[in-house]
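Taken straight from TrEMBL:
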DOMAIN    49-270  domain 'ABC transmembrane type-2'
TRANSMEM  50-72  transmembrane segment
TRANSMEM  78-97  transmembrane segment
TRANSMEM  133-154  transmembrane segment
TRANSMEM  166-190  transmembrane segment
TRANSMEM  196-214  transmembrane segment
TRANSMEM  250-268  transmembrane segment
Amino acid sequence: MTEMTHPEGEPQRPFIRSHRTPRPRFQMLRIISALMLREMTTTHGRSAGGYLWALVEPVLGIALLSTIFGLSVKNPGLGSNFPLFYASGFLPFVMFNDMSNKIAASIRFSKPFMAYPSVTFMDAMLARAILNALTHCTVILIVICGIFVIFQLPVQVRLGPVLESLLLLVMLAFGVGTLNCYLITAFPIWERAWNIITRPLFLVSGIFFTMEMMPQAGRDILWYNPIIHCIGLFRRGLYPTYEGAYISKTYVAGVSITLLFFGLLLLLRNYRTLMEN
């Protein structure tokens, strides 16, 4: 390579163009915010009615469960209030299920925008994860507070376990959603298979019962379901006398991180192929 010379005779280093240009400051934050706004208008619409339905839907589900089981059993699994017991299981489960499914469909949902070099699959997943986590946490807060007020229940909530439960649910949903994001994009039939495989989770995740109500053989099997740990931890925060000795935060975090690691690894290695298909 010939050396370029400055007009004064001083040697000048050749200009070499970098292949990877770093992102401008705060660009990722602006992209995620824009994708969140698009998600809000697409999913919930521009009117307040869409957000109202996000609140009404779980309330109707809890009311239905409370009515059906209230007619067939005398007392719920914990305490004496049916709506609080079923809300403490139903709301965390719906949060995990909805978040993981939304994150899994991130590439397909935001694919037109990912044609731009500045938008990555991580932007799309984070936008959906943050928005849906905030939405579900708001719904949980409103519904639980509403139950305490309407039924005039004594407030003895431990915020620590409640917040830990929500954090673990977000981690688990992000891990499952990331791995499924690759699998669904690479193998579209996996989405239908996953929906079939996970249908029994509604029955075996502790929505209608506590782990202590099950025989030992059932506990040994159900323990490997990470969702039941999150629901148990959530109930530990709402019921002052409930401890849930089976709960393992380490197990849930380990499963979440492992799934996230393999999901990101597959997406990073096959991202270009997925975008071309």
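Backbone N, Cα and C atoms are what each Cβ position is placed from, and that goes for glycine too.
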Excluding the flanking five residues on each side, which residues at least 6 beyond the ends of the transmembrane segment (50-72) place their CB within less than 8 Å of a CB in that stretch?
43-44, 82-83, 86-87, 90-91, 94, 135, 139, 142-143, 207-208
At a C-beta cut-off of under 8 Å, are there same-chain residues at least 6 beyond the transmembrane segment (250-268) that contact it? List them, or none.
121, 168, 171-172, 174-182, 186, 226, 229-230, 274
